[in-house]
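Record features, source TrEMBL:
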- 44-293: domain 'G-protein coupled receptors family 1 profile' (DOMAIN)
- 29-52: transmembrane segment (TRANSMEM)
- 64-89: transmembrane segment (TRANSMEM)
- 95-121: transmembrane segment (TRANSMEM)
- 142-165: transmembrane segment (TRANSMEM)
- 203-226: transmembrane segment (TRANSMEM)
- 238-263: transmembrane segment (TRANSMEM)
- 278-295: transmembrane segment (TRANSMEM)
Amino acid sequence: MQDFLWENQSSVSEFILLGFSKDSQINAILFNIFLFLYLSTLVGNGLIVTVIHLDSRLHTPMYFFLSVLSLLDMSYVTTTVPQMLVHLVCQKKTISYVGCVAQMYIFLVLGITEGWLFSVMAYDRYVAICYPLRYKVIMSPWLCGAMVVFCGLWGVSCSLVYTVFTMRLPYCGPNEINHFFCEVPAVLKLACADTSLNDQVDFILGFILLLVPLSFILASYIRIFATILRIRSAQGRLKAFSTCASHITVVTMFCGPAMFMYMNPGANASPERDKKLALFYNVISAFLNPIIYSLRNKDVKRAFLKLTGRGRTTE
């Protein structure tokens, strides 16, 4: 793959990431904000992974998928945010051609894997609520592992298509990317060739990678809500719905902006809007995910209190 990309590189050996602003004072403020968000994301998601690993009561399919989501979120932001932080305080804002390709590919692998993981998590909730007596049998450790591997394979293979179709084009200058990392729509704007084929490929892949998982999620929740409405106890209905509310929230935060970004033709894209959308599904959602899941989940809060030594009296 690397030889192929170098042969089609043309004259550009590095790119300049313009980021958000040329004003040093604004960049200093943004540096502090994004540093806080990044460290909070690592700490929050790291705590969730640690708590799930240490508390045997959380060794269930639901929390296994949640721990995988947290690992993906930590990796996801680490692909883009550290470099963005450096560029906010340094004059040099360049990234090598190969570095840009690597960042683009890794970012896509993690993002696509996370998108499909959301559909797996919806299926897990569907089985738990619609077939509670058979839940442990259906959601076996083997099946849970296989579904996570399936999500990862989708990420690895489809990201390769995205990256190759983007970087096969000649880039002969200018080399300034109006973004804070090497994302496909922003890089395509610099291509010295017709990108209409790329727009078609991006739309088709966006349909497969976003609308298909969303369709699975929607189908799962239609069955879930139908089952919840048949529960006679109001408390039972509320408990069943509360186990799904966190998942619905994070899916909306992640998939909505991503779908708008990758299924929108390149000619209609706005750089400033795209940067804000990318911030939302790359940085903000990863920051909010542990907050959403921990605040709405009594099991996670109880396990955290136990970990810190404050929950012993409630055992």
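Just so it is clear, glycine is given a Cβ too, placed from its N, Cα and C backbone atoms.
All annotation found in TrEMBL is predicted automatically rather than curated by experts.
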Within-chain partners of the transmembrane segment (64-89) [C-beta distance under 8 Å, separation at least 6 from its ends]: 17, 19-20, 27-28, 30-31, 34-35, 37-38, 41-42, 45-46, 48-49, 52-53, 95, 103, 106-107, 110-111, 113-114, 117, 120-121, 124, 144, 148, 180-181, 250, 282-283, 285-287, 289-290, 293
Sequence-remote partners of the transmembrane segment (29-52) [C-beta within less than 8 Å, at least six residues beyond its ends]: 20-21, 58-59, 63-64, 66-67, 70-71, 73-74, 77-78, 81-82, 84-85, 88-89, 283-284, 286-287, 289-291, 293-294, 300, 303-304, 307
Stretch-averaged pLDDT - the domain 'G-protein coupled receptors family 1 profile' (44-293): 86
